[in-house]
């Protein structure tokens, strides 16, 4: 039974490495834009500094435990790629943003990580040291998973999913699932618990994307209708000085089609002013509302 559990743990750990590898590479399009424009364009370095600090913490935790090779592999890659991101950001960032990034690096990576290592090395021994570092990793991971709530709030406020990519939310959710089962199978609550919250928030982001993406498409569809009506014939009853009833979307589309036929010359329309009679090709129409052409 233990052997089967070990095989499943290894399988979920490998899948977790693969998904997390994709997540670590997700900022590449952002940095390609920065490279093309030679400017950070207001992008912040906080996510990359935090990810670097998180990877360093998990590597330290993994070295204090046994059978944590899969934790070491993915977080070593995380340290490598996040260091490149931060360096790239520093190269193209303006002076003010560069100074802020350096301050964060000193406070978190040098100061924060250094203090954690020194305190745990001198105040804890044996298994207690690994447990203390594990709790620190757990709390920090919870904070990292809570961070996207700012994006969720922005989506609800603006009713737009522009700043919440669907693929990234999906991969973060998959990553949380893989590492939850890995932590569960190796009986490590420090790995399993944070990923429960990660899974819940990931599902929340996906649900919000589906809801507000549909609303956004509906709004765009409504905005396109007036564009279709421009430069087409609109009937206005000036003689009776009455407002025409509001038209349904289907009626508006029919008017647009009719306007297209009129503009193409396939249909001839007579315009009658007041009570005068007029005709086109032996067709007489009386008291017909005046036809006016809407200007774009």
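Any Cβ shown, glycine's included, is placed from N, Cα and C.
Residues of the same chain lying 6 or more positions beyond the ends of the transmembrane segment (6-25) and with a Cβ under 8 Å from any Cβ of it are 51, 70-71, 73-74, 77-78, 81-82, 168, 171-172, 174-175, 178-179, 181-182, 185-186. TrEMBL lists 6-25 (among others) with the feature transmembrane segment.
According to TrEMBL, the transmembrane segment annotation covers 46-64 (among others). Same-chain neighbours of the transmembrane segment (46-64): 24, 27, 71-72, 75-76, 78-79, 82-83, 85-86, 89, 101, 104-105, 108-109, 112-113, 116-117, 129-130, 133-134, 136-137, 140-141, 144, 147, 190, counting only residues six or more beyond its ends whose CB sits under 8 Å from a CB of the stretch.
What TrEMBL records for 70-92 (among others) is transmembrane segment. Only residues 6 or more beyond the boundaries of the transmembrane segment (70-92), in the same chain, are considered here, and those with a CB under 8 A from a CB of the stretch are 10, 13-14, 16-17, 20-21, 24-25, 27, 31, 34-35, 38-40, 43, 45, 48-49, 51-52, 54-56, 58-59, 61-63, 98, 101-102, 105, 182, 191.
Here TrEMBL flags 104-124 (among others) as transmembrane segment. Tertiary neighbourhood of the transmembrane segment (104-124): same-chain residues 45-46, 49-50, 52-53, 56-57, 60, 86, 131-133, 136, selected by CB-CB distance under 8 Å and a gap of 6+ residues from either end.
Outside the transmembrane segment (130-151), and at least 6 residues removed from its termini, the chain residues within Cβ reach (under 8 Å) are 50-51, 53-54, 57-58, 60-61, 64-65, 116, 120, 123-124, 163-164, 176, 188-190, 193-195, 197-198, 201, 205. Residues or ranges marked as transmembrane segment by TrEMBL: 130-151 (among others).
As annotated by TrEMBL, transmembrane segment applies to 163-185 (among others).
Look at TrEMBL and you will find 191-212 (among others) tagged as transmembrane segment.
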Cβ contacts under 8 Å made by the transmembrane segment (163-185) with residues that lie 6+ beyond its boundaries: 5-6, 8-9, 12-13, 15-16, 19-20, 22-23, 26, 70, 145, 151-152, 154-155, 191-193, 195-196, 198-199, 202-203, 205-206, 208-209, 213
